[in-house]
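Copied over from TrEMBL:
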TRANSMEM  12-31  transmembrane segment
TRANSMEM  43-64  transmembrane segment
TRANSMEM  76-94  transmembrane segment
REGION    105-124  region 'Disordered'
Amino acid sequence: MNWFAAEHRLLVTHGVAAALALTVVGGLLPLHIRLAWRIRRNLWSGAFTLIIMGLLGLSGWFLYYGDEEWREITRWLHIAVGLLSCAVVPFHVWMGRRRSAKQQAPQALPTQVGKESLATNCAP
Ligand code: HEM
Ligand code: HEM
């Protein structure tokens, strides 16, 4: 097994995935995040997700352009936040879906029915 080639392939895959992830987060800002923020829905897990994604981007930036002296610590910070993001993002999605499902349940108060969707509830 050629470890150098394998590492290179992994970094290239990571680079593409990281660019896509930042594009998705950027795409969520004007609607998903702005609207949910306004009505304070799923706020804590959302804010935490946003912070984690921000830290990932920031530590990635430091890996590229930061001082060489700080590289080792930045590297471990980046890896730790990256691993954390694997739990934080699915947790946020789960929390959001659970909340929506609860509000759509038949026993929901009549005033709640129809208010569950971010799209219908928060037309800009
Ligand atoms: C980088 C940050 C974020 C990512 C990647 C993200 C991603 C997601 C995803 C994939 C879902 C599931 C959507 C579905 O099942 O249809 C979701 C649900 C949700 N998120 Fe976020 N989110 C982020 C930040 C936020 C923030 C900051 C807030 C609140 C201020 C928020 C509020 C919500 C709400 C309320 C739901 C439930 C959706 C609904 O009721 O229809 N999210 N999020
Ligand atoms: C928004 C998401 C992310 C961005 C923008 C990002 C950005 C970056 C950048 C710019 C580098 C430097 C690449 C290079 O030296 O050629 C890097 C390296 C790395 N990233 Fe990420 N990354 C993200 C997500 C993740 C995740 C989820 C993990 C998983 C734990 C991860 C693990 C790593 C590792 C192991 C390295 C190599 C560090 C080294 O040995 O120098 N990254 N990342």
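Any Cβ shown, glycine's included, is placed from N, Cα and C.
TrEMBL entries are annotated by machine, without manual review.
Values in this document were obtained by computation on a predicted structure and should not be read as measured data.
Listed as Cβ neighbours of the transmembrane segment (76-94) (distance under 8 Å, sequence separation of 6 or more from its ends, same chain) are residues 42, 45-46, 48-49, 52-53, 55-56, 59-60, 62-63. Panel annotation: around the transmembrane segment (12-31), residues 50, 53, 56-57, 60 of the same chain, lying at least six beyond its termini, place a Cβ under 8 Å from a Cβ of the stretch.
Residues 18, 21-22, 25, 33, 36-37, 70-71, 74-75, 77-78, 81-82, 84-85, 88-89, 91-92, 95-96 of the same chain lie 6+ residues outside the transmembrane segment (43-64) yet bring a C-beta within less than 8 angstroms of a C-beta in it.
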